[in-house]
Amino acid sequence: MGSIVEPWAAIAENGNANVTAKGSSRELRHGRTAHNMSSSSLRKKSDLRLVQKVPCKTLKNILSNLQEVILGTKLTLLFLAIPLAILANSYNYGRPLIFGLSLIGLTPLAERVSFLTEQLAFYTGPTVGGLLNATCGNATELIIAILALANNKVAVVKYSLLGSILSNLLLVLGTSLFFGGIANIRREQRFDRKQADVNFFLLLMGLLCHLLPLLLKYAATGEVSTSMINKMSLTLSRTSSIVMLIAYIAYLIFQLWTHRQLFEAQQDDDDAYDDEVSVEETPVIGFWSGFAWLVGMTIVIALLSEYVVDTIEDASDSWGLSVSFISIILLPIVGNAAEHAGAIIFAFKNKLDISLGVALGSATQISLFVVPLSVIVAWILGIKMDLNFNILETSSLALAIIITAFTLQDGTSHYMKGLVLLLCYVIIAACFFVDQIPQPNDLDVGLQPMNNLGEVFSA
């Protein structure tokens, strides 16, 4: 029996992981990034007094982990949406209901993935922890994109990724600057522009990679066939995607090695966090336990994401909303609500560097990692997905990047800047709300060649 109990005890090792930390030869610590700090604002300290009275060590460890992972967040009640979504899907209660419950269930899962990657970073060190956070930081968007590609829903992929970038640049950042300015109305809020500048350079590069395939179709003369134009656009997009991934790798090296100090979230001694923001300096769960929970959470995210992809058209028909509006506006708002709330809370506390790190860092990660990776995955699957997001979508992205860059150019902030960003987001949301133009071939704009250049405008 000992050979059976010991592995499970290792996987279920409890929150007293700091004992292992003190006994190890290396100190378990990591640089705190904006994503780590943002997610910590939604955590709450667990009361383990009852759990410690359990006589069985293995059972006590399992209960401790359950309490830390499931009950250690202010979003605990939202976990109820997960079994409800599974039941609704099993008994066919209604596909729009499945879509709504799945969206709600993704919210606490995304926050817990951030928590678990931070816990693993205590053991792996700052570099590997940073890479893990970079990979899992937008796990929901990446999983939805891959599942949508597997179902040949190219437009859903493009819409959802575009919506995530717009949401971070305008909604999250705008809300943070607005409420941060209101809460600190008697003093000017300042932030470090160095990190923002790096992110904007990369976002502009990503925008260039979206513009060129779009402009290529307009630049082609009438002698060039539509199929040839689409082939050139697809080849350019795949080449650009490889370049974007190289740029993202360089960005990770810049962020995690050469210029790490620019991206580490700093804590002020004279402005310490209160009890509402729990910042642990030691791990509360063990490595293998955290890894097992991370794998489990990822599997559940994949399950709910599959529900979202399968039912999005039914929700669109039932609610009278276009798929573009649901994908660009609703998916990012609900799916990343936890991370967004954390950014706003830290802006309230006059910690704009953390809020900017969350919004700009997430937008950069999607633009230079998730988007090109989706193109490469589609290429592997034999699906013709390019970087041409069409004229309306690409214009919205360009204007969002330009407006945000101008807003942050002087390193200071007030509530008026946040209000302008929010209003810009409302205008873009209204645009996609009234846009009821159907897409060809069941939304898969990347699969069907256009008959003439004039159809580019209506695509």
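Each Cβ is built from the backbone N, Cα and C atoms, and glycine gets one as well.
Over the topological domain 'Cytoplasmic' (1-67), the average per-residue pLDDT in this prediction is 54. The topological domain 'Cytoplasmic' annotation in Swiss-Prot covers 1-67 (among others).
As annotated by Swiss-Prot, transmembrane segment applies to 68-88 (among others), with the evidence given as sequence analysis.
What Swiss-Prot lists as topological domain 'Extracellular' is 89-95 (among others), and the listing cites sequence analysis. Proximity of distant same-chain residues to the topological domain 'Extracellular' (89-95), defined by a Cβ-Cβ separation under 8 Å and at least 6 residues beyond the stretch ends, is recorded for 307, 310-311, 314-315, 318.
Residues or ranges marked as transmembrane segment in Swiss-Prot: 96-116 (among others).
Per Swiss-Prot, topological domain 'Cytoplasmic' is recorded for 117-129 (among others), and the stated evidence type is sequence analysis.
Positions annotated as transmembrane segment by Swiss-Prot: 130-150 (among others). Tertiary neighbourhood of the transmembrane segment (130-150): same-chain residues 30-31, 33, 35-36, 106, 109-110, 113-114, 117-118, 120-121, 124, 156-157, 160-161, 164, 252, 255-256, 294, 298, 301-302, 305-306, 308-309, 331, 335-336, 361-362, 365-366, 369-370, 373-374, 377-378, 381, 383, 385, selected by CB-CB distance under 8 Å and a gap of 6+ residues from either end.
Here Swiss-Prot flags 137-172 (among others) as region 'Cation selection', drawing on sequence analysis.
What Swiss-Prot records for 151-161 (among others) is topological domain 'Extracellular', and it gives sequence analysis as the kind of evidence.
Taken from Swiss-Prot, the feature transmembrane segment applies to 162-182 (among others), supported by sequence analysis. A Cβ distance under 8 Å defines the sequence-distant neighbours of the transmembrane segment (162-182), meaning residues of its chain 6+ beyond its ends; these are 138, 141, 189, 203, 327-329, 331-333, 336, 339-340, 343-344, 346-348, 350, 352, 355-356, 358-360, 362-363, 366-367, 370, 389, 393, 396-397, 400-401, 403-404, 407, 413-422, 424-425, 428.
Residues 177, 262-263, 347-350, 352-353, 356-357, 360, 408-415 of the same chain sit 6 or more residues outside the topological domain 'Cytoplasmic' (183-195) yet have a Cβ under 8 Å from a Cβ within it. Residues or ranges marked as topological domain 'Cytoplasmic' in Swiss-Prot: 183-195 (among others).
Using a Cβ-Cβ cut-off under 8 Å and counting only residues 6 or more beyond its ends in the same chain, the transmembrane segment (196-216) has close neighbours at 165, 229, 232-233, 236-237, 240-241, 243-244, 247-248, 251, 254, 262, 356, 360-361, 363-364, 367-368, 371-372, 386-391, 394, 397-398, 401, 404-405, 408, 456. Residues annotated as transmembrane segment in Swiss-Prot: 196-216 (among others).
The annotation topological domain 'Extracellular' is assigned in Swiss-Prot to 217-238 (among others).
Beyond the transmembrane segment (239-259), the same-chain residues lying 6 or more positions past its ends with a Cβ under 8 Å from any Cβ of the stretch are 126-127, 130-131, 134, 198, 202, 205-206, 209, 212-213, 364-365, 367-369, 371-373, 375-376, 387. Here Swiss-Prot flags 239-259 (among others) as transmembrane segment, drawing on sequence analysis.
Feature annotation from Swiss-Prot assigns topological domain 'Cytoplasmic' to 260-283 (among others); the stated evidence is sequence analysis.
Positions annotated as transmembrane segment by Swiss-Prot: 284-304 (among others).
Residues 85, 89, 95-96, 98-100, 102-103, 106, 140, 143-144, 147-148, 151, 153, 155-156, 159-160, 163, 429, 432-433, 435-436, 439, 443 of the same chain, all 6+ positions outside the topological domain 'Extracellular' (305-327), place their C-beta atoms under 8 angstroms from a C-beta of that stretch. The topological domain 'Extracellular' annotation in Swiss-Prot covers 305-327 (among others), and the record cites sequence analysis as its basis.
Helix, strand and coil content of the region 'Cation selection' (335-370), in residues and according to DSSP, is 32 helix, 0 strand, 4 coil. Helix, strand and coil content of the region 'Cation selection' (137-172), in residues and according to DSSP, is 31 helix, 0 strand, 5 coil.
Sequence-distant contacts of the topological domain 'Cytoplasmic' (408-417) (same chain, six or more residues past either end, CB-CB distance under 8 Å): 177-182, 185, 188-193, 196, 200, 352, 356. Secondary structure by DSSP for the topological domain 'Cytoplasmic' (183-195): 4 helix, 2 strand, 7 coil.
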